[in-house]
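Peer 1: Sharing a structure below in structure tokens format, with a few things to ask.
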Ligand SMILES: NC(=O)c1ccc[n+]([C@@H]2O[C@H](COP(=O)([O-])OP(=O)(O)OC[C@H]3O[C@@H](n4cnc5c(N)ncnc54)[C@H](O)[C@@H]3O)[C@@H](O)[C@H]2O)c1
Ligand SMILES: N[C@H](CO)Cc1c[nH]c[nH+]1
Ligand SMILES: [Zn+2]
């Protein structure tokens, strides 16, 4: 399928039904294109201006006061007294294994194997290219030397995120890996995170979360080693802090903030599955965003009823309901129109719950990760299918990819030119350098050619 150049109608018969518990999502009927921009806005909380200000204060404080600031923020935000130490001790690490049920250990090991397999296949080939006779160019992939992995733990201990970051870091061969994750109120780190760290042979583990963890990784403190690149998702404080870190010469993977999913559902979709997929992202946090697009009002209404039904028994219903407040179900006219809307919105996850998902998938130009068909829930990619779940949010899928093996590698280019090669390429460089008015460049060639001529 060609990338659609669809133009939506500019006239509207858009209606908004007010949400209530029975109708947890707002439903919009055939919005006109001028109305789309408002429907494509992310949750208001994500744009809150005070977040950047607060994060800048925390950042400056940690960079100035180091560990002392980290201890205070752990007390304030996580309710943890870490005066005994910010680092996880070898004894804490060792004790963790015994606290993880064996069925969970087996599941994590299988997920680890799948993620490893998918990421191993991403290893770039090293190919030497002779661009002209005697002019040899090649690229070598070198691991980023010091990497910081952020594993969220504010409302859920995302040990799956550690797999998503640790596996490619290890495959890339990064020599120094530092893990930061928020402590629990008793000052410990969730044992499943520690078990997963052991599986990945990660031993530098810092009990720090939020913007303060990112600030510490960006410049180092007494207990936290500084790193070259910071990876990992997080809430809006973590995401804003990562963006701030780039001002201090530290690279980041991408802005990977509050989770999002957009589902395109046609009349073949199962509303029970669609509702479950929408709720699986809504339960991440109050500022998560879920969007349903359908060309079938019946599917939208049945999904709406299903969301309400499933919400009633969801342990994190309070969180999910807040996310649903800013979520939308939108009735559009055709598959092309839905795809066009989705490409503009650029969701972190895109589920194609349609009859012919392969065909629609070919037209996707902006999305972090795409899930095809009725039996491919996004939850599979979140945990275990093999793809990475650290993905761009907030529209950044327009210009960023998710985490991959590549994220942990730098490519250094090399070249070697023989005498014959210099004779082939010399005049070209001399001509171009003189035309740019850079005679020293030309001379670097000329002097060598003269030396070769003199034997
Ligand atoms: N995009 C992705 O790839 C992806 C993947 C997994 C998870 N996520 C998202 O990660 C997020 C995890 O969020 P979380 O909150 O559970 O954990 P988190 O670890 O990201 O954040 C917890 C920390 O936030 C800080 N914090 C909380 N309130 C604060 C405040 N008022 N001021 C300053 N700092 C504050 C605290 O330091 C706390 O330790 C969710 O939004 C989830 O959707 C995204
Ligand atoms: N859906 C999240 C990415 O937005 C990843 C995740 C971790 N655990 C469960 N889900
Ligand atoms: Zn998820």
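Quick reminder: no glycine exception, Cβ is built from N, Cα and C everywhere.
Heads up, TrEMBL stuff is auto-annotated, nobody curated it.
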Peer 1: Please identify which of 119, 349, 424 is recorded by TrEMBL as part of the substrate site containing 259, 281, 284, 382, 436, 441.
Peer 2: 349
Peer 1: Return only the integer: C-alpha distance in Å from residue 349 (active site, proton acceptor) to residue 259 (substrate binding site).
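Peer 2: Here the two Cα atoms are 8 Å apart.
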Peer 1: With an 8 Å cut-off on Cβ-Cβ distance and a minimum sequence separation of at least 6, pull the same-chain contacts of residue 281 (substrate binding site), or say none.
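Peer 2: Non-local contacts for residue 281 (substrate binding site): 259, 260, 261, 288, 289, 290, 323, 349, 378.
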Peer 1: Return one of helix, strand or coil for residue 281 (substrate binding site), based on DSSP.
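Peer 2: SS state of residue 281 (substrate binding site) = helix.
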Peer 1: Please list the recorded positions from 150, 349, 436, 441 whose Cβ falls under 6 Å of any atom in ligand 2.
Peer 2: none
Peer 1: Between the binding-site residues 212, 235, whose Cβ has more other Cβ atoms within 10 Å than any of the rest?
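Peer 2: When each Cβ's neighbours within 10 Å are tallied, 212 tops the list.
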Peer 1: Would you find the one among the recorded positions 348, 382, 436 whose Cβ has the most company, meaning other Cβ atoms within 10 Å?
Peer 2: 348
Peer 1: Among the recorded positions 150, 235, 348, 349, 382, 436, name every one whose Cβ is found under 6 angstroms from ligand 3, counting any of its atoms.
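Peer 2: The recorded positions passing the 6 Å Cβ test are 382.
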